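Asks: Can you read through this structure? Questions will come right after.
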Amino acid sequence: MSSTSNVVFTVNPGGRLSGRLRVPGDKSISHRSVMLGSLAEGTTRVSGFLEGADALATLRAFRRMGVRIEGPDSGRLVIHGVGMHGLKEPDGPIDLGNSGTSMRLLSGLLAGQGLRLTLTGDSSLSSRPMRRVTEPLARMRADVRSAADGTAPLEIHPVQRLAPLDYPMPVASAQVKSCVLLAGLYAGGRTCVSEPAPTRDHTERMLEGFGYPVHRDGSRVCLEGGGRLQATDIEIPADISSAAFFLVGASIAEGSDLVLEHVGMNPTRDGVINILRLMGADIEVLNLRSVGGEPVADLRVRSARLRGIRIPEDQVPLAIDEFPVLFVAAACAEGETLLTGAEELRVKESDRIQVMADGLSALGVRAQPTPDGIRIQGGPISGGRVNGHGDHRISMAFAIAALRAAGALHIDDCANVDTSFPGFVELARAAGLDIRAAGAA
Ligand code: S3P
C-alpha cells in the first residue's frame, strides 16, 4: 500500500478502554512462518497469521516463486512446502511494499538459491538502509546488488554455493541476524552471528521448530548449512507490538481496565512491559503458557499515574517497535523521560524520533529530539492536526494520544496502519476509543 494514500483518522478526546480483546497475529512470526513453511518438506498449517499488508507481501512473494499456499482464511494458512531447493524464478520483480522485514530476510534466504530476482518496495522501503544486509551477504560470496546509495531495489544474481560467515553484527538488528542465518542455510559450513545486544529470536526458535539444529551460546548463534526443514504446525500469538497501543492507552486513560488475550511474551520482545512498569504502569501477566515454542500470556492493564524515567538502554532493542507509543506514555507522565541509544529509530518506516517530536510539539508537548533519542516533558496534550507519515506505528500512537488530549486529533496519512494492524480502528472503537477513519486507501 502506498504511503501517499490519504486515510485520515479523527479521534475525539477522552474515553477509557475496557473489556477483553485479542489483537492480530505477530508480524515477525507471520513472515517467518511463510518463509520456513515454503522451504520445508511437507505441509505446514499456520493459525493466527497476520493478514496485514506486510506479511501478505511475503506470502505473495512465495506464491510468485511457485509455492502453493492456501488461505489466508481467518488467519489460517496451509503451506505446501517445496523443499530447500524448490523455489522457482518469478516472472518479474517482487514488490515487497512497505515491508523491511520481507526485504532483509528474503535477501538472505534467496541469495544462495541460484535464482535471478529483483526485490522492490514502496518509497519508504526504498529509502531504508540495505547495506547492512548486502555487506555480510557479499562476504558470503553472494551477489546481491543495491542501488548506488545502498538502498532497494535489490538485485539477486545466481552464484555457486555460498561461503559460511562468522559475523559480529555492528547493529543490534534481528533482521540482519536473520538474513545471515537464512543465507547460512545455503552455505557450505558453519555460519555464526554475534549480536551486540539481544534482539528478537523468532528465526532461531522457528528453525528449531522445523527441526533445524541451531546452536546458541550467549550472544552468539550458529548453524550448519545444507540441512533440511521438516514441515510443522504453527500457532502465532497476538503481536505484543500491536498490544502495546492498548497497554499505553489503558494506562493513560483514567478508569480503564482492559485484558489483552494471548499476547506473545518472548523475552526478546517484552521491553514495552518493562519500560511501562518502570514508569508506574499497572500491568498483570496472567496465565503465562508456552504455545509452539513461544511464551504467551493474557495481559490485564489498568490506568495508573505514570512518571517520567530514563529508559535503560538495554531495553531499547527489546522495545524497538514500541517507542512511538511509549513517547505518548512519556507525554502523559509526570516529569521528564529520556531515551538514549536508539538511533535505529531514525531508519524505521519513518524517522520515528523526528516525526514523533514534530507531532508531539504540534500538540503542545515539550519533545526535544537528540541524535540517538528524545527528551520528553510530560504535560497537557492539545487537540490538533498531526501527520502519520505513512508509518503505521506513528498513526496509531497519535490515535492513542487522543485519550488524553484536550480536543479532537486529526491524523493524516494513516493508510499504512494496515501493514501491521488491519482492523485497528474497529478494535480500538470496541475498546472505547472514539475514532473514525475517512478517505480511500
Ligand atoms: C523485525 C525486526 C526489527 C523490527 C521490525 C521487525 C523482525 O527490525 O523493527 O519491525 O521481524 O526481524 P531490526 O531488527 O532491524 O531492528
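Note: Cβ is positioned from N, Cα and C throughout, glycine not excepted.
Heads up, here are the entries from TrEMBL:
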- Asp321: active site, proton acceptor (ACT_SITE)
- Lys27, Ser28, Arg32, Ser173, Gln175, Asp321, Lys348: 3-phosphoshikimate binding site (BINDING)
- Lys27, Gly100, Arg128, Gln175, Arg352, Arg393: phosphoenolpyruvate binding site (BINDING)
- 12-426: domain 'Enolpyruvate transferase' (DOMAIN)
Asks: Rounded to an integer, what is the Cα-Cα distance in Å between Ser173 (3-phosphoshikimate binding site) and Gly100 (phosphoenolpyruvate binding site)?
Replies: 12
Asks: Which one is it: of the recorded positions Lys27, Ser28, Asp321, Lys348, whose Cα lies the shortest distance from the Cα of Gly100 (phosphoenolpyruvate binding site)?
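Replies: The answer is Lys348.
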Asks: Distance between Arg393 (phosphoenolpyruvate binding site) and Asp321 (active site, proton acceptor) at the Cα atoms, whole Å?
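Replies: Arg393 (phosphoenolpyruvate binding site) to Asp321 (active site, proton acceptor), Cα-Cα distance: 8 Å.
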Asks: Let's check the environment of Arg393 (phosphoenolpyruvate binding site): how many other CB atoms sit within 10 Å of its CB?
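Replies: For Arg393 (phosphoenolpyruvate binding site), the count of other Cβ atoms within 10 Å is 27.
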Asks: Please give the 3-phosphoshikimate site's span as the largest CA-CA distance among Lys27, Ser28, Arg32, Ser173, Gln175, Asp321, Lys348, to the nearest whole angstrom.
Replies: 19
Asks: How far is it from Gln175 (3-phosphoshikimate binding site) to Arg128 (phosphoenolpyruvate binding site), counting Cα to Cα, in Å?
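Replies: Checking the Cα atoms of Gln175 (3-phosphoshikimate binding site) and Arg128 (phosphoenolpyruvate binding site) gives a distance of 13 Å.
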Asks: Name, in the order they occur in the sequence, the residues of the same chain whose CB lies under 8 A from the CB of Lys27 (3-phosphoshikimate binding site) and which sit 6 or more residues away.
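Replies: The answer is Leu50, Gly52, Asp54, Ala55, Thr101, Asp239, Ser241, Ser420.
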Asks: Relative to ligand 1, which of the recorded positions Ser28, Ser173, Gln175, Asp321, Arg352 have a Cβ found under 6 Å from one of its atoms?
Replies: Ser28, Ser173, Gln175, Asp321
Asks: If one measures from the C-alpha of Asp321 (active site, proton acceptor) to the C-alpha of Lys348 (3-phosphoshikimate binding site), what distance in angstrom results, rounded to a whole number?
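Replies: Asp321 (active site, proton acceptor) to Lys348 (3-phosphoshikimate binding site), Cα-Cα distance: 9 Å.
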Asks: So which binding-site residues out of Ser28, Arg32, Lys348 end up within 10 angstroms of Arg128 (phosphoenolpyruvate binding site), measuring C-alpha to C-alpha?
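Replies: Candidates kept after distance check: Lys348.
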Asks: Using a Cβ-Cβ cut-off under 8 angstroms and a sequence gap of six or more, which residues of the chain neighbour Lys348 (3-phosphoshikimate binding site)?
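Replies: Lys348 (3-phosphoshikimate binding site) has long-range Cβ partners Gly100, Arg128, Asp321, Asp391, Arg393.
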Asks: I need the CA-to-CA distance for Arg32 (3-phosphoshikimate binding site) versus Arg352 (phosphoenolpyruvate binding site), whole Å please.
Replies: 25
